[in-house]
Amino acid sequence: MKIISCIQAALVVASFSSVHAAPVSDPKGSGFSIPVYNNPQFAPNATKQVVRAWHKFNKLATSSRIGHVDVGTIPFIDDGNDLEYYASITVGTPGQTFKLDFDTGSSDLWFPYTGCGSACKGKTIYDPTKSSTYKKDGRPWSIQYGDGSTSSGILASDTISLGTLVIKDQTIDLAKTISTSFQNGPIDGLLGLGFDSITTVQGTKTPVDNLITQGLITDPVFGVFLGKASLGGGGEYVFGGYNKDKVGGTLTTIPVDNSQGFWGITVDGLSAGGKSVGKFNGILDTGTTLLLLTNDVASTLAASLGATDNNDGTYTVPCDANGLVDLVFSIGSAEFKVPKEDLVFQDNGKGACIAGFGYGNLPFAILGDVFLKNNYVVFNQKVPQVQIAPLAGL
């Protein structure tokens, strides 16, 4: 999860002839789009991103077709130097609109409701009394974040709409309190795209679970495109398929280890400027900004680039990317690149820059947005597996 700054999202309906209903060669289906914008005034904090990611994954480290819609496409808001991507969904009948961070590194769907106090000031507040499809549950939930604060509340269920995809009786986590991480910025909450084994309250189903079981998508997949602010920003999720126009080559199929509820893959090798710096297991996480490597791999990479360790999970590099080199990830039978320009994340105000990579004191890497905004990924929940290709146009 990441802290962001206020931007208004809007819903625009569109169709895509190039949207595929599965990772195959024939186009199928249509979708809808939410435009993506940047907030150029937001100053991201790399150290907070590392701490937040560590707390997010530390637990793992220690332990008939009537009304059927084949494909739904949701374009995204790209906020603050690619710090976070979010979109609007509606909840209830009639719909109440919320801006949510779509996060493959968690599995709960939560947002504030009328039981939340001053901490939710400025947020969109869900009012269950205004929804004819609201159903009370009442079980408690709670999530703790890296800064020690929590989001907590009670469970309920209601109809949610991801554009034209309408899910009935979706479990929703209604927040009475929200983490300080969310009190500033445009997002109202999170929509988790991890596996249901890591929902806060065991036995609850994720939105993707319900898209599949309610027959709203034919194929149990979603394609993810995260745009770069330097190229106009943007982004989209395609539920039930993927966008052919975003695939810049062949999709490579890679098995996923979901035993801990995450999208885990094996990176067979990482090289910098042709020099090997190691191999590792990693988690594909749209909810983490940076590329967080295992400590040993990060140290080797930093040495090869002449980066300085800030002793807080981040590194300092020159702001001129010409002195850096591209990273190449060997995954499955293919190679995927992170260009040297994306190894420069933010100016530290001292004549140098914070790197786009760091370390999280974890036994696995977190392949966050620095990796994902350079590559197109199709997530298959049932197999489970992912298919990855270089992003078209880069």
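Cβ coordinates are placed from backbone N, Cα and C, and glycine is handled just like the others.
Annotated in TrEMBL:
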SIGNAL    1-21  signal peptide
DOMAIN    85-389  domain 'Peptidase A1'
ACT_SITE  Asp103  active site
DISULFID  Cys116-Cys120  disulfide bond
ACT_SITE  Asp285  active site
DISULFID  Cys319-Cys353  disulfide bond
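Locations of recorded TrEMBL features on the structure.
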| residue | record | contacts (Cβ under 8 Å, 6+ apart) |
| --- | --- | --- |
| Cys116 | disulfide bond | Lys123, Ile125, Gly153, Ala175, Lys176, Thr177, Ile178 |
| Cys120 | disulfide bond | Pro112, Ala175, Ile178 |
| Cys319 | disulfide bond | Val344, Asp347, Gly351, Ala352, Cys353 |
Cβ atoms near Asp285 (active site) (within 10 Å, other residues, all chains): 27
Integer Cα-Cα distance in angstrom, Asp103 (active site) to Asp285 (active site): 7
Secondary structure of Asp285 (active site) (DSSP, helix/strand/coil): coil
Predicted model, mean pLDDT over the domain 'Peptidase A1' (85-389): 94
Among Asp103, Cys353, which are recorded positions, the residue with the most C-beta atoms within 10 angstroms of its C-beta: Asp103
